[in-house]
Every structure is written in C-alpha cells, then in structure tokens.
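Residues or ranges marked as NADP(+) binding site in Swiss-Prot: GLY166, ALA167, SER168, ILE232.
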Amino acid sequence: MLKKVLNGTRIAKKLEFKILKQVNYKLSLGQRPPGLAVILIGSNSASTIYVKKKRFMCEQVGFISKFWKFSKNIQESKILNLIYKLNYDTTIDGILVQLPIPPNINNQKLFSSIIPTKDVDGFHPYNIGSLCQKSPYLRPCTPFGIITMLKHYKIKIRGLHAVVIGASNIVGRPMSMELLLAGCTTTITHRFTKNLKHYVKQADLIVIAIGHAHFLKGTWIKKGAIVIDVGINRLKNGEIVGDVDFKTAYKKSSYITPVPGGVGPMTVITLLNNTLKAYEQISKDCK
C-alpha cells in the first residue's frame, strides 16, 4: 500500500486562497470584512505564538482581528464582561479565548458565555450538543480539521475501526463524535484504559492527542493503519515532535500526519472557516 504523509500545510494553503476569494467577493459588494476577537489570558509563550499565527492568518484572508491580552490574575468577571460586549458587537463574528486558560478561571464558564453563533472554537455546549445530535453548526476546529484533511486526500473511513487516544473536551471527545458521524466504529481511550495496546493494535485509524512525546510506537500499530498525530511537544533540544514516534510508525502506516505541518495548519484554517461561516450567517440574519 502506498505510504503518504498527509500535508496539512499544503491543504490549508489551498483553503486559505478559497476563503480569501470569498472575502474579496463580499468586499466587492460593499460588505464589511469578517471580524475575529481573540482573548489571551496569561503569558504562556506557546499561546502567544499561536495567537500571532492566528492573527497573521486573519490578515492573509482579509479578516479584521481584534486582540485583548490580560494577566493570569485577571478577575473572571472582567473576561465575562468583555465577552458579553463582544457578543453584541456587530463588527465581530467570532470570539476565541486562547487555551490554556489559567486555573483560577473556569474555562467552561467562559465557553458557555460566548453566544453559539460566535463560538468559532466550537466549544459551547450548544455546538457540542449539535455535533452529538448529528446536526453540527460550528464544529471544534481540530477534530473537524482532521476530517477535512481526510476528505481532501479522498481517504474513505466509513466502516473503519477508529481508536482515539485521549479524552479531552478539546480534541478527544469531539473527535470521537466526528468519527461516529463519518461512519466509523469508534473506541475512545484515556488514562484509565487498561491494556491500551490491545485497542491500538485493532485500529484501522488512530487519532492521538495526549501531549506525550513519541508515546505511540510503530510496534503498536497494525500494518496499513492511518495515524493522525495531534500532539505538539517541545524536546529539551528545542525540536518540536508529536505524540507518535514518527520513524517507526511511518513504516507500518498507510497514511500519517507529520509534526509540525500536519494537524496544526488544519486547526487554524478551520478556525478561519468557522469565522467565515459565522459571518455569513450574521449577514444573512441582518437582511
């Protein structure tokens, strides 16, 4: 079976051009550009880099991005007040609170305070519930970015046994819902799962998101499996690697995502696509 490295950067570039074309058309009609509000709490270096990347991408496709940065000791009520104002700001179509959020702030409370139609990260209970009910609106960016990538490469996953390693609210749980929606038989594993190798060895498709460098070895993977690596880990030497031991997993897999350049770009482009979708819905509602 032909081995392929799934190039998220290349797909994202194509989708970026498509979004820019749509935005330019809207502007030619005299409409305002889409607007994304980004809130950063604390000074996490990785978060700062991610925010810069997202804002840069906004500019590339003609979006307006507005940015608020707060110290990690900010009162939760002040963030909630800002979100309340942004919910009713007619120039803002999407609201993003960059993760991770300091432990003194209830992240679920923040996600729930964003109105569902501006929840471009897809974490509001309404949007998660809609995904579970098989009628998704704004979908969590990383899981849907992965589905978009698989579709782009025309990889058929209906009927496959998919194993998700990691059960976070951000990736693992919504990923399992996306895979169910796509027709997979889905197993979700977590830190309490006994005999993890047993489940992984049965998988036709593996999605791993646990934040543990080189955790998944090629010896665990059955020949021909599809391997999707969501992990981003920095080694002591500064190298960025995923949760998968790429060299050994590559030998066994049929398709595999690299880190960097795999899932990451798909997450960002899905955020932009969600923002455009929210913008178009708001524009339609205003007519």
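Glycine is no exception: its Cβ is also placed from the backbone N, Cα and C atoms.
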Nonlocal neighbours by CB distance (under 8 Å) for ALA167 (NADP(+) binding site), same chain, sequence gap 6 or more: ARG173, ILE188, THR189, HIS190
Among GLY166, SER168, ILE232, which are binding-site residues, the residue with the most C-beta atoms within 10 angstroms of its C-beta: GLY166
